[in-house]
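A.B. asks: Take a look at this one; I'll ask things after.
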């Protein structure tokens, strides 16, 4: 099923245009939504998840008109917000049973079966009797996945799920997500480029409420092949280089020198070497091109 | 640093709209209450007629302190949050690493929030100031503005209370980091204050209460409880010992609490938490770090049908219910509530120190204190549940699930209702535990369940619906709770602004009333209809709550409204329309049933009607009328249908010397016919006042006889309203149903200021007994003297019907049972009819048939009543005159008609709540055997009312009520001994002194009293008992006997209090004539106290007791103003070096008891034995006596038995 968003606009009371006439089509598979903090990712995802209504625009998922018939969407929706709390003094098992009830599973034994399954999928089975409020960050995120799975969703929306997770947890999380997302549409927002690279078959870069680029990770890097150049410079030469070249990113080496990466169709100067493009470069280029041009 | 934080805090508050909302609310409340008490609504409601100055120092203090109590509810969100806010915004993680001291931080936080509270307190005083003076208030009851009253109230009472409660809330919220905890603390503290006050309710515990009452109200009460109206209006609250100690104690505790906060507060990241189970530490390691799991979700069915949604609603309500049930605010409210119930049950139904049997309705009554708990839990948890997901930040998870809004909303409601059911069970369990503890095993589980789970539950349901709505609307549980409290408290107060009918006030309506005899009787129908009515509105509110339900991220209010209107379609619209229309339709039905043909009037309209009545018909007051000499009635009571029909034949004689041309018939609004035996013309028929004038073709000549036949029919009851007084079991109706002759002054307005407003002349109500022209009528009836009486009463087959007289014949016809009664001697024109399924206890005694007609299970006190009948009949017959009847009957009637007993000729209706279920403990010296005493009192009325009846002038009730009370006391004393009298006398003294402080018109001396209960009962019994002590019982009774001989069964002119007192005066020695003047003719009060006492053992083994004591007395005028004699030179003064002010007194020539006591053990109980008790002649204020007694004394006293009226009876005794 395809998620289609057309001309979606949302302006907040304080004048911030969180979503700016946004249109996109998202098909089955993992879809990564990349963007800096405050780009409008959460607003977009909340809007798709029926928690917020836009000022104008249209969203459909398959033949569900999301904005008109949000109940139908909720039936096939799995949503994991950016941050969430849980009822205190309730175990994972009880809470999942609660959510399973909310999601319309009427039969008690079926509820127990699916709760057991999602606990096992998320490797929470051993701690199922512990209060969720006392879980560590990673466990809580996994709990988030567990509750999301309960209605066997067709559309999964996860909002920055890997922020703050340790590497092992992050991997585990992404694996589970990947496994879940084989047959449905997963929209996955992050500001960590790595996540997208590892996981997504499609991606978009969002900033200022607009889609800057809609592509796939492979294509995006392929496009840049032969156009990314690297040089090692002294810290003091940075300003000079910035004025000269289109620097995408710069980072320190241990000897206090800097690596700079530059986007250019031709070799900018002799001391540059060509490097393999990375997804980061795609991201930075997209953001840079969107910057208002000062005259 | 201090000032930075302090200023920052204030700035924070000044920017918040909440602060201005609070200010507005409190200014409004203060304004509303003060303006209302000052009579601003007089133009639309009844006139506030009173001599009470509403802004007297004590009035200002009460209102000011009372309103401040409401601010306590805001403390958690003002004082409590000052530190909590830093945690909540997680500012503390940064702030606490900054370089400021704990003192800076804590003081700045605490003092800044106190400043905010202070501003609100000042707003209250401002609102009061404006309210009292607002144009339209009644300037007669508003005094001058005295700033010192406000300052005193603020500095002495409010400020320390704010400090105390502020410190407690500050401590609780700071350490628990939980606003709810602070909130519950406030509620618990208010409860505790209630418990302290109710545990220490006995007069001799007032000193302790004065110290322990955290509000200081008990301490003020300690000094002002007996202040007369004039003292209340003029005097400042004295800042004396008790008040100072109390304030120091509680301010000290406040400082201590703040000190503890200071000591234990640390800039740490974690809240202090308490856990009863210490968990053993467990090392957490991660395992299973890798691994790809195959996801294979089991096949489950998803069901989104309506039925499934209903099931879901129920299931998730359990989750919410568990949350409430396990939360400790709930647990603590329940615990405190249970303590309150149990404490309450110990005092419920205590009459004269004697307990009542713990019957189920008493237990349910006692559970009434739990109402507040249930309501507060409902209001609070409605908010907690509605906001639960948001508070836990789980709202996005919940909101994205495919569950309809209504499921969430209704599940909250159901969880709330389940909570109420649990709380109601608490009442039942407490009651049953208490009954078991008392050894009363007649558990009426069905009665408990019906009242709690049907009747009460409906009431709480109505509140729950409103609570869900308000909490959804407001979105902040604490603000919502505050709003709900204001609504719940404010609803009944709407009457003050002229909104009187219940259908306009949320969840108001007639209550239900229960009696053992008649169950819930008729009250149940109207009660249920009103509840249905409010539930309909509640459902409308619930639907609206559903429309306003927040789903998703928080919206602005405007956005919510537009979402609500977009949601408003389909079923919601249909539901809203159907329920709202049903609500209106039912409301209209109730309204029209309540106001048939516009008959039901507002109190303002009734006030105007009374004016009209007097203006129109007062002129006929002196118009001569014939007198009724014989009454023959036929009353048919239909208990099943709850109606009656009655007919009567009244024979009248023109006893005057002038021919009478017209008869004024003063009747009621019942369907009636009137027919005279002589030709006449109806020349005036007033259907509003029900006053008709019949003019006779031929004048009724002196000595001529005339008959009037009356038939009448009771109104029919409707589903919504009781119009007929007939009960299914336990009917008690009286002669008031029949018309009377002539104008009646009963309906006239009493307050002279109000009268002036309507251009009515001042009204003395009753003439002075010295007015010989006013002695033509008794105070019982204006149209008759003594009558012959005969009645046929019929009722259903299973009941017994009774009227005064002797049973002539009894027969059954179909399913009706008939009784024909006839009296063989003259009685007053005052009779009643009773009917119930009675059991009868009969006994012949000295030719008199003693009969008790009682409700089958109520056998507990029949023997005591029998004994009371005999003892009182014997005492009266022996001391005054023979009993005029051959029979004395007690008839039980349901407590829903009142808790009293009343004496008709040979017939005494007696409430089931007043003696039938008393639990008399003969071993308890502090408890009065009141079934016995009340019976004795009522029997005494057969003499004092039914033989000797006073003219309708001032002081008439002394001849009936005071004397009956005196007889009861004497009979009790002879039966049970002098020791038992102390409780009775003490309660009478306290009752008199307290009730007179509520006198808003005038208090007259006993023999000229206006008929106030506290004068004719309490003061009357004290005075006559003391008098019998002074001149001797025999002498007093001898005088009374001669008096009875002269005036019993007399024809007009009737006797007066003056005549009776003259008889007493005759037998009183000259030295004691002052007693008559003090006790009967003036209002005299003593202030006696023991100052110093020493006891020394003498060589012969005896003890010399030296007592220093003071005796002083003063008089009150009718407004309660003190004076010390009629003219200069009448006043004694005494002052020594240590005293600031002299003691004043009226001149003394008084005989006062001096007593010395020891304690002895009798049967394992300590008993007081008098070693010395004699009257000493006292002529000066300061006295010193030396008395030698045989045994070691333990206590001495001046007037130790409190025979005299003394405003402080506690200091009359002194322990050695």
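Any Cβ shown, glycine's included, is placed from N, Cα and C.
Caution: TrEMBL annotation is automatic and unverified by curators.
According to TrEMBL, the feature transmembrane segment maps to B:20-41, B:62-85, B:105-132, B:153-173, B:179-200, B:244-265, B:330-352, B:364-386, B:452-470, B:477-499, B:532-550, B:571-591. Look at TrEMBL and you will find B:754-773 tagged as region 'Disordered'. Residues annotated as domain 'Peptidase M1 membrane alanine aminopeptidase' in TrEMBL: B:924-1067.
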A.B. asks: Going along the chain, which residues at least six beyond the ends of the transmembrane segment (B:105-132) come within the CB cut-off of under 8 Å?
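C.D. replies: Cβ under 8 Å, 6 or more out: 1-6, 9-10, 13, 19, 22-23, 26-36, 38, 40, 54-55, 60, 63-64, 67-68, 71, 74-75, 78-79, 82-83, 142, 145, 150, 154, 158, 162-163, 166-167, 170, 258, 261-262, 265, 267.
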A.B. asks: Quick test of the contact rule: Cβ under 8 Å, at least six residues beyond the ends. What residues does that give for the transmembrane segment (B:452-470)?
C.D. replies: 364, 367, 374-375, 378-379, 382-383, 386, 409, 412-413, 416-417, 420-421, 424-425, 427-428, 480, 483-484, 487-488, 506-507, 512, 520, 524, 527-528, 531, 534-535, 538-539, 541-542, 544-545
A.B. asks: Using Cβ atoms and a strict cutoff of less than 8 Å, what residues sit near the region 'Disordered' (B:754-773) while being 6 or more residues removed from its termini?
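C.D. replies: Hits for the region 'Disordered' (B:754-773): 47, 49, 607-608, 611, 614-615, 745, 748, 951-956, 1007-1008, 1010-1011, 1053, 1056-1058.
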A.B. asks: Counting Cβ pairs under 8 Å that sit 6 or more residues apart, are there three or more between the transmembrane segment (B:364-386) and the transmembrane segment (B:153-173)?
C.D. replies: no
A.B. asks: If you count every Cβ pair below 8 Å, which range out of B:62-85, B:153-173, B:179-200, B:244-265, B:571-591 shares the most with the transmembrane segment (B:330-352)?
C.D. replies: B:179-200
A.B. asks: Take the transmembrane segment (B:244-265) and find every residue of the same chain, 6 or more past its ends, with a Cβ under 8 Å from one of its Cβ atoms.
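C.D. replies: Distal contacts: 102-103, 106, 110, 156-157, 160-161, 163-164, 166-168, 170-171, 174-175, 210-214, 216, 218-219.
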A.B. asks: Could you put numbers on the helix, strand and coil content of the region 'Disordered' (B:754-773), residue by residue per DSSP?
C.D. replies: 6 helix, 0 strand, 14 coil
A.B. asks: With DSSP as the yardstick, break the domain 'Peptidase M1 membrane alanine aminopeptidase' (B:924-1067) down into helix, strand and coil residue counts.
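C.D. replies: Helix (H, G, I), strand (E, B), coil: 101 helix, 3 strand, 40 coil.
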